[in-house]
Structure formats: structure tokens, C-alpha cells
Amino acid sequence: MSDLAPSLFTLPDQASVCFFNSSKRMDSTNRIIIGSSILTFSLISIVLNVTVIVALFYSWSSFRRQPFTQFVLSMITAGTIYTSVNFFVSIPCSFNYCQYLQEDNLLIFLSLPNTLSFIAYLLANFGFSIYRSCIVFDLFRNHMRVVQMITLYLPWILSIYTVIDTTSRGCIKRFNRWSIGYTYNCSNCNVWFGISFIDVNFYVGQVLPILMCLMYGVMIGNIYWKKTHNNGKSKKFTAFDVKLAFQYLLVCLVQYLASFLFYIVPKIGNGSIIAIIAMNIIGVIDMGLNPLILLIFNSKVRFSTSVLFQFIPCVRVNQPKLATVTIIQRKSTY
């Protein structure tokens, strides 16, 4: 970075000075490479998320009665919010220090959706895994509607509460324009009885994805056990459950990696360009994985998307297989 960079704008508060004094600066060429990487993956992620959202609403009459759709919308909404923040914070800060964010309060406000959406996405995935476990293991059969409402809306309530509470206590995640990355540094994060929120967030971000992976693994084992013992389940129904479990097992693994890298990369990367790119794009890849998996594996979502883009000559509109439609309709009864 050029020594003249600080003169581009004033450093109005202690946090900005702290970031500037504690950060390893890089030259403009590396900043362009990092910014271009974030921009590319953000565009891909936002296109995937928005495409699936529009496709679902375009064919809402065939999706609206399926609880699965509501969970998908919750996760994709969180992913869209998370990725959208990049376009007015991390990308302009990478290319040109985001000079319009001179006020620290404005930087805090614009960074809040990043924290909120990441926590909401993690908890929404965890809520969905609990809901799927109740279906697969036939738990709370007479109270599935209550389970659905709790696992669908509680993640957002907890996320909003966490962001408001930690921010009000001074534990603030901002974007560091110098080192190019979101961080809790230069703020006080001992928010609960002297316990650091950074540590809590780190372990929760590790433990929940591991729990989800274990849950989906047990679900897959249970489904195959039922299939072997012919426990009244049709083979088609079993295939759908296994496919869904494998899809979200992959999502959970990537989410674990995203949470792990957010905290580990800054410690071991020593400010290298590869480390910074990895730290910035792994979360974006995580948020774009869910809609990508749906477009690849869910024939009904794929059909609705192809209908949406049927004006493009090369797009073929193939009606989803009858078996898949039957399975999805059967799922809507839960």
C-alpha cells in the first residue's frame, strides 16, 4: 500500500486508528486481485440465490404447501443478505479503501447484516436438521407443526438478539479496510461474565456443523436400516430422504470449513494474499452452495428454474419425473 493512502480520508476514531496501526498493508495490485476474487464469487453466489428464490415464487402454487420450501427460503434469504453486504462493504474496501465509509458508526451499521446473516444461516441449517431428524426418526408426530415453527423462526430470533446484545456491549465486528476482512479486533468482546464472544462464536461455529454432520450421518444409517428391514417405507421414499441427507451433509461440511477458516486463517496466514482471499470467499461459497445443490439435485426446482428462463433458446424445459413429484407431495404432509 502506498504511504499516501491514509491521506485519502481521515481516521475519525480509536477503532479506525487501531485497525490502521495493527494491520499489515498490501500494495494496490494485491488489493485488486483480492477485490476481483470477492466480486467474482459474490456475483456467482448472488445469482444462484436470487435465481432459486425467484423460481420458487414463480411456481409458488406448487411449492407453498411444502415445509421444506420454507426452510430453503430461510437459508437462501440468509445467504442472499450475507453476500449482498460484500457489494457495499468488502468489495469497495478491497479496491479503493471504501472512502465513503469514513464514519465508524456507518461501517458498524453496514457490517451488521454480515454477522446477522451468518449466524442465521448456521442456526437455520441446524433447525432444519432437527426438523428432518424428527421426520426420519418419527419424533413428535402429533406436534410437527409446532416443531416446524420453532425450528423455522427461532434461528432468526436468536440471531437478531445475539447481534443486538453483543453490539450494545461493545463486541463489534467491522470490516478492516487495511487488512481486508471482517474482524472483532479493536473492540471489547468479553460480553458474558468475562467470557469472550469470539471464543463462544468460534466453538459454536465448530460444534453445530459437527453435530449436523453427525445427525445426517445417523439419519442416512437409519434410513438404510429401515430399507433393509422393510419397515413399511417405500424404496422411493427412502431414496428421497437419503438424497436430501447427503445434500445437507455437504452443506454442513462446507459451513464447518467456513467457520473454521474465519478464525484460523488470520492466525496462520500472516496476511498473505492467499489467506485473505480464502477468508473472504469461503463464506460466500458456503452461501452459494445451498441453491447450487438444489439446482443440481432437486428436479422440481430445476424445472421451475428452466420455466423461468425458457425464453433463452438453449434452455430445455423438462417436466420433473413423476416419482419425484409423488415423493415431494408425500413430504408436504409433514
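Even glycines carry a Cβ here, placed using N, Cα and C.
Heads up, TrEMBL stuff is auto-annotated, nobody curated it.
Quick caveat, the model's predicted, so the values are computed rather than measured.
Summarising the annotation, TrEMBL assigns transmembrane segment to 32-59 (among others). If you look at the transmembrane segment (32-59), the same-chain residues 6 or more away from its ends with a CB under 8 A from one of its CBs are 26, 69, 72-73, 76-77, 79-80, 83-84, 86-87, 90-91, 94-95, 180, 273, 276-277, 280-281, 284-285, 287-288, 291-292, 294-295, 301, 304-305, 307-308.
According to TrEMBL, the feature transmembrane segment maps to 71-91 (among others). Proximity of distant same-chain residues to the transmembrane segment (71-91), defined by a Cβ-Cβ separation under 8 Å and at least 6 residues beyond the stretch ends, is recorded for 35, 38-39, 42, 45-46, 49-50, 52-53, 56, 98, 101, 107, 110-111, 113-114, 116-118, 120-121, 124-125, 127-128, 131, 151-152, 155-156, 175, 180-182, 280, 283-284, 286-288, 290-291, 294.
If one looks beyond the transmembrane segment (106-126) by at least 6 residues along the same chain, the residues whose Cβ comes under 8 Å of a Cβ in the stretch are 71, 74-75, 78-79, 81-82, 84-85, 88-89, 152, 154-156, 158-160, 162-163, 167, 172-175, 182, 204-205, 208-209, 211-212, 248, 251-252, 255, 259, 283, 286-287. TrEMBL lists 106-126 (among others) with the feature transmembrane segment.
Packing against the transmembrane segment (146-164) from elsewhere in the chain are residues 67, 70-71, 74, 112, 115-117, 119-120, 123-124, 126-128, 130-131, 134, 140: each is 6 or more residues past its ends and has a CB under 8 Å from a CB in it. For 146-164 (among others), the entry in TrEMBL reads transmembrane segment.
According to TrEMBL, the transmembrane segment annotation covers 202-225 (among others).
With a cut-off of 8 Å between Cβ atoms, the residues of this chain six or more beyond the transmembrane segment (246-265) that come close are 121-122, 125, 128-129, 132, 182, 198, 202, 205-206, 209-210, 212-213, 216-217, 220, 275-276, 278-279, 282-283, 285-286, 289-290, 293, 297. Annotated transmembrane segment per TrEMBL: 246-265 (among others), in sequence order.
Taken from TrEMBL, the feature transmembrane segment covers 271-297 (among others).
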